[in-house]
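A.B. asks: Please find one structure pasted underneath; my questions will follow.
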Amino acid sequence: MRNHTMVTEFILLGIPETEGLETALLFLFSSFYLCTLLGNVLILTAIISSTRLHTPMYFFLGNLSIFDLGFSSTTVPKMLFYLSGNSHAISYAGCVSQLFFYHFLGCTECFLYTVMACDRFVAICFPLRYTVIMNHRVCFMLATGTWMIGCVHAMILTPLTFQLPYCGPNKVGYYFCDIPAVLPLACKDTSLAQRVGFTNVGLLSLICFFLILVSYTCIGISISKIRSAEGRQRAFSTCSAHLTAILCAYGPVIVIYLQPNPSALLGSIIQILNNLVTPMLNPLIYSLRNKDVKSDQP
């Protein structure tokens, strides 16, 4: 990646229309972040320490906990730093790093949810062959594939964004460095980067959405064939948690990246939901309501 820029740092403007609320936001977001760290560490510890939880479903839940820890830590610590009265400045390299890991982990999230939908599809539609199909090798390959796709995605968008010259304005209208906020600061035509970013994010989101839709269509057909009401309820409750998490994850992507001109305030609120609230809720949605995990927590 070549550096054409005279800009050595960017200024994160933070959340629009929140002047005077810094102390309240610092307390609120610090509480959310602490709950995110504690909840996901507890879930990860329970899954690793209990042999009863060494199953495909909990293997992917463990990956989700690792993702949530990393995803929230990409943007939240810097936000808490300047909300506490410190500088809003972020170095050029820090901005590059933040954007890379945000898209790396964000893409990984989409494909991880897709893999988890496929796992539920096999568990409900082929229960007798579940352990044979979702063996250790398959699970490892699927998990590794999600992280690799996320890495390639970020390695495409990050150089494309920062190969442009940044020679003047350096105020980022977000609370972290992301493509919609950074690209307008470039001193050169950004149409190519915008088209590639839109196509990349949109295509990957559609692929994941299509695979999830197919999986849950098959799951719905299988559930409708279950004769006992208790069996249908159990299968549905297993899938409802995953569907809830998918809605929380895909909503921000659709609003932020597939709208031509999202408002700064709306964008910030949705990004906070995606970056901070969803990782905090995932342990509750997926695991803390699960009796197996509850019984194995330290």
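The chain as shown is numbered from 1 upward.
For all residues, glycine too, the Cβ spot is worked out from N, Cα and C.
Just so it is clear, the model here is predicted, and its values are computed rather than measured.
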A.B. asks: Taking the topology from Swiss-Prot, would Phe162 and Leu266 be on the same side of the membrane?
C.D. replies: yes
A.B. asks: Output the one of Cys95, Cys187 that, of all these disulfide-bonded residues, has the highest number of other Cβ atoms within 10 Å of its Cβ.
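C.D. replies: Counting every other Cβ within 10 Å of each candidate, the maximum falls on Cys95.
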A.B. asks: Residue list, the transmembrane segment (268-288) vs rest of chain: Cβ under 8 Å, 6 or more residues beyond ends.
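C.D. replies: That would be 15-16, 29, 32-33, 35-36, 39-40, 42-43, 46, 61, 64-65, 68-69, 71-72, 74-76, 174-176, 178, 241-242, 244-245, 248-249, 251-253, 255-256, 294.
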A.B. asks: Taking DSSP as the reference, which of helix, strand or coil describes Cys187 (disulfide bond)?
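C.D. replies: For Cys187 (disulfide bond) - judged by DSSP and reduced to three states - the answer is coil.
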A.B. asks: The topological domain 'Cytoplasmic' (119-137): which same-chain residues, six or more beyond its ends, come within Cβ distance under 8 Å?
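C.D. replies: The answer is 56-57, 60, 215-216, 218-219, 222-223, 235, 238-239, 242.
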A.B. asks: Would you mind listing the long-range same-chain contacts of the topological domain 'Cytoplasmic' (216-235), meaning Cβ under 8 Å and 6+ residues beyond its ends?
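C.D. replies: Apart from its flanks, the topological domain 'Cytoplasmic' (216-235) reaches 117, 120-121, 124-125, 243.
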A.B. asks: With DSSP as the reference, give the number of residues of the topological domain 'Extracellular' (159-195) in helix, strand and coil.
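C.D. replies: Residue counts for the topological domain 'Extracellular' (159-195) by secondary structure: 16 helix, 2 strand, 19 coil.
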